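Copied from Swiss-Prot, the annotated features are:
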- C50: active site, thioimide intermediate (ACT_SITE)
- D57: active site, proton donor (ACT_SITE)
- Y72, E73, L74, H91, E92: substrate binding site (BINDING)
Amino acid sequence: MGTANLHDSTNKPLYGERIIEESNIICFENPNKKRIYEISIELPEFTCKCPFSGYPDFAKLNIYYQPNMKVYELKSLKLYINKFRDLKISHEEVVNRIMDDLLKAAVPHWIHLNADFNPRGNVSMKLDIYSGQKRN
């Protein structure tokens, strides 16, 4: 078994970085298409960078959705979300991009994406985006 060389100064991506970079949202078939049900997913460690200062922004993302034909696979979703860690992007743009990718991957009946950004400089921000018609 090999050991990590902590003094390796090459710019070669580490295995975790490669996996994150190559990741996409994967879905699997909804196991019960006849039933209307709601799934909630919490991603409490979302990060991206402020496009103006370069400082990190931290948020908790909550996804609530009613699946149609497909359901999100959680590990792929986690890896996909990690892609934004070093990206300089506004709160509004990143949340809309995530919503677009969620809609493209699974086409749920209804989805709500909530982003609760941590306060920075005495200012906090919450974003909510909805798509589709919630069913009862």
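Any Cβ shown, glycine's included, is placed from N, Cα and C.
The model shown is predicted, which means the values in this text are computed figures rather than measured ones.
Features per Swiss-Prot, on structure.
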residue: C50; record: active site, thioimide intermediate; DSSP class: coil
residue: D57; record: active site, proton donor; DSSP class: strand
residue: Y72; record: substrate binding site; DSSP class: strand
residue: H91; record: substrate binding site; DSSP class: helix
Under 8 Å by Cβ from Y72 (substrate binding site), same chain, sequence gap 6 or more:
I25, I26, C27, I39, I41, I63, Y65, L102, A105, A106
Can you check which residue among the recorded positions C50, L74 has the largest number of Cβ atoms within 10 Å of its own?
C50
